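I have placed the structure first, in the form of structure tokens, so that the comments after it can refer back to it.
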């Protein structure tokens, strides 16, 4: 169990950090195209090439983790990727994080330990191809309902001649993308379970292909939500929906079960809760900090500015010759999917 959790943490770190490095590299690169000159420019750009390799390596590690552990364990732990990314941004991108960022990282870490301590090895349950079709049918019905709800609110917004997105629209796009991200892990796991039951090995690449389609469609919905909506709402709903989908679908479609011991069940449930709470704190930290007393915010800001000014002076010359993006921890997930936007 701990091996699969460590693999999941390494995988989600590679995916998230790799995307940040790719984004940093594209600052001085032309738009990606199939021209040989452009492809060579991307390949010779060290940050982009390193980020691309880390992203691919992370995806391979995630598949390995899914082959060893239940989705109900792997998917929640993968939510800690935002915490790892925040730490990376603090030390590599010289980003200053607030108190809620550190609390979120700590809570997510405690949740990961709880999942590892409470989870237990499980024997593969018997599943059939019809369960995959049934799962696809349930997700399709869910998307029909969500899109019908979205259509109603869009029509109301047009009738009232409102320009700004309603919070319901942001929530729906976040839920849709999160459900698809969770389903991507579940479908990948199904391929390994089918092979364990004696089915053809072709089920693994077939399920991985379906998983890639789910992830790609999820990024499409997430991008639509982030384009006009608030990153905080969309990202939070996507992260929570991804974890919940992985847990629920893993139990109902793959036959995964809670630990047999009462203490194991408690640790696992608390681990899920702490990871989701940590992710929510990381995504909403910039807004939560505004609700603190002004005196506390001023004292924290003054101490942070003293430490940051030293780093800023030392790196001022480098920034002039090598431009880079300073990424807020609360909007890191936003920047991975869309061009930089001003924060609300």
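Heads up, residue numbers simply count up from 1 along the chain you see.
Just so it is clear, glycine is given a Cβ too, placed from its N, Cα and C backbone atoms.
Not measured: the values here are computed from a predicted model.
Per TrEMBL, transmembrane segment is recorded for 47-67, 73-92, 99-117, 129-150, 171-195, 201-221, 233-254, 266-289.
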**Study point:** Contact call for the transmembrane segment (266-289) against the transmembrane segment (47-67), three or more Cβ pairs under 8 Å
**Key:** no
Revision key, fill the gap. Best-packed against the transmembrane segment (171-195), counting Cβ pairs under 8 Å over 47-67, 201-221, 233-254, is stretch 233-254
Check your understanding: When you check the transmembrane segment (129-150) against the transmembrane segment (233-254), do you get at least 3 Cβ pairs under 8 Å, counting only pairs 6 or more apart in sequence?
Key -> yes
